[in-house]
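Below: one structure, written as structure tokens.
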């Protein structure tokens, strides 16, 4: 609705018949009626939640088990070939990586295969993404390994993992004749390896519980605090720690694994202290593996559009290394460190150690947050790329169950992995049937092929781990571009990366989150606040400091504050406004009072006839404008301190005959102003829907008052 107010200037004399009028158009928007009955809202929500209909039950079941929705509609002819190929290729790549990352997590190689097997099946049942590969992830393995090392040290075990010396036949005999809850079995088999996987399984169980709880309470919004720059910096910093932890295997050094704060520096100190003990055989093997892996990986990436499937170079290197180690007798001749016996089959299920929960509860939080943040971000990225949708809360359920259920089967934590997801997508994956195929490949290894990895050197596994860190370490090449786009994001990346690498992964994540939130606060604490000018022949006002050829209206200053107005930046708002307008009302009033007192004293001493001009500061002079228009389009909200600040500014400027008008306030700000009694009775019309409208009103009002004064 629009109403027109006439502001007329009627001069005296015969020409008074021709009245000059200016017109000011005011808009009245009728607000929607908001029903704020909490009781009615709660009753409505309770009825919606507690109602049970066949359709709702079906939707609930299908929503919780997405496989029931898409598997009956599976298109064999169109999708099976792509899913089969991608599943086999990812499985082939995953076998050596699972064994390699087991060392990173501080557990035996067989447990890495268990983890990859169960994670692929469970995510296929609960996940909503068609493309991501859920398996072992280097960063979470590193975090897990630090917890395992700490708890092993508390339990009195040596930090360096010992190879199980139980013969295959004896292990099979014990597994078939003794119950896992039997104390005898624990005495015989729960050595260093057994306790390590018990710690890892307990942490994994807790991380899964946290992730399921996040999904149940729908707190997926937590991931918004983990920005892309923060996650990238965290992964890069953790990659340095991963690389450092693998160097001892490259050199064949037998040094304890460092954990806690400053572990990266301590590890390098220990490496240089023991550099004279380097195993030449391991160094040569590592060099040859690098010489094969890096160029082939680069060729895979460069020609991935032309290759139907990536070259499984890791599997080729592993097979060649096993043959060379076995027939060359590298363990016996050169004392090279090998993987040792990897049993076939599955161990009986075993619950986590509930007594360890108080020790590892806090560590599981960081692992859970990183796991779900990586999984949700990757699933949303690939869903957007391929034109379908995923549900973030269901993804948290999926990754949570990928940790809870396997924790009873001697597994450790999992999450989505970018490198394997890219391979999966590029080799024709269409659905999560490819995950089932990957599980079958790993199952074949577990049941038949696992003992063949006995002679595999640990330095080969370390090389595979380090080569797969290339993506994270390449982020340094993107720093100039990132700095050009956003310096704040670059600083967040650098701080998070440095804290993660030099302090610890958990503290680095916390430092990154806190620092990024501080950056947001600092941005709102001292925001941009320019004066605006009029774009000719339009109703648009833009920053005078950003654009040329803008015009200003005589006697009117237009000011924009580009941030919420709240307790943190209220003083910045006032000081910037005073600086931009060049008029501080406190100084003007103080100068006027000082001048009045001085004149009074001079009159009292009889010098009134010979007064000289009183020199005052420029602020005591009348301001060169009569109206300030505050553009509030960028003010998202006001708190009580912000409302009080606006009241003070309007009052102070009113006392020196300067009017303050507000324009382009959003409904939230308008509501806050009304609730805070910002307007006196009958003054609510001084709130305008556009800057142009406010300026027109100020020009018309001043013209009317100027004409009235001349009468």
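Note: Cβ is positioned from N, Cα and C throughout, glycine not excepted.
It should be emphasised that the depicted structure is a prediction, and the values quoted were computed from it without experimental measurement.
Pulled from TrEMBL, these are the features on record:
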TRANSMEM  80-104  transmembrane segment
TRANSMEM  110-126  transmembrane segment
TRANSMEM  196-217  transmembrane segment
TRANSMEM  309-327  transmembrane segment
TRANSMEM  356-376  transmembrane segment
TRANSMEM  397-419  transmembrane segment
TRANSMEM  439-469  transmembrane segment
TRANSMEM  490-518  transmembrane segment
DOMAIN    546-698  domain 'STAS'
Other than its close neighbours in sequence, what residues sit by the transmembrane segment (196-217), given a CB gap under 8 Å and a spacing of at least six beyond its ends?
105-108, 111, 144, 147-148, 151-152, 157, 161, 190, 350, 352-354, 356-357, 360-361, 363-365, 367-369, 371-372, 393-397, 399-408, 410-413
By a Cβ-Cβ criterion of under 8 Å, what residues six or more beyond either terminus of the transmembrane segment (309-327) are in contact with it?
85, 89, 92-93, 95-97, 285, 289, 292-293, 296-297, 299-300, 336, 338, 423, 426-427, 452-457, 460, 463-464
Under 8 Å between C-beta atoms and at least six residues away from its ends: which parts of the chain pack against the transmembrane segment (490-518)?
139, 142-143, 146, 225-227, 229-230, 232-234, 236-238, 240-241, 260-265, 363, 366, 369-370, 475, 479, 482-483
Assess whether the transmembrane segment (80-104) lies in contact with the transmembrane segment (397-419), where contact requires at least three Cβ pairs under 8 Å among residues 6 or more apart in sequence.
no
So what pLDDT does the domain 'STAS' (546-698) average out to?
81
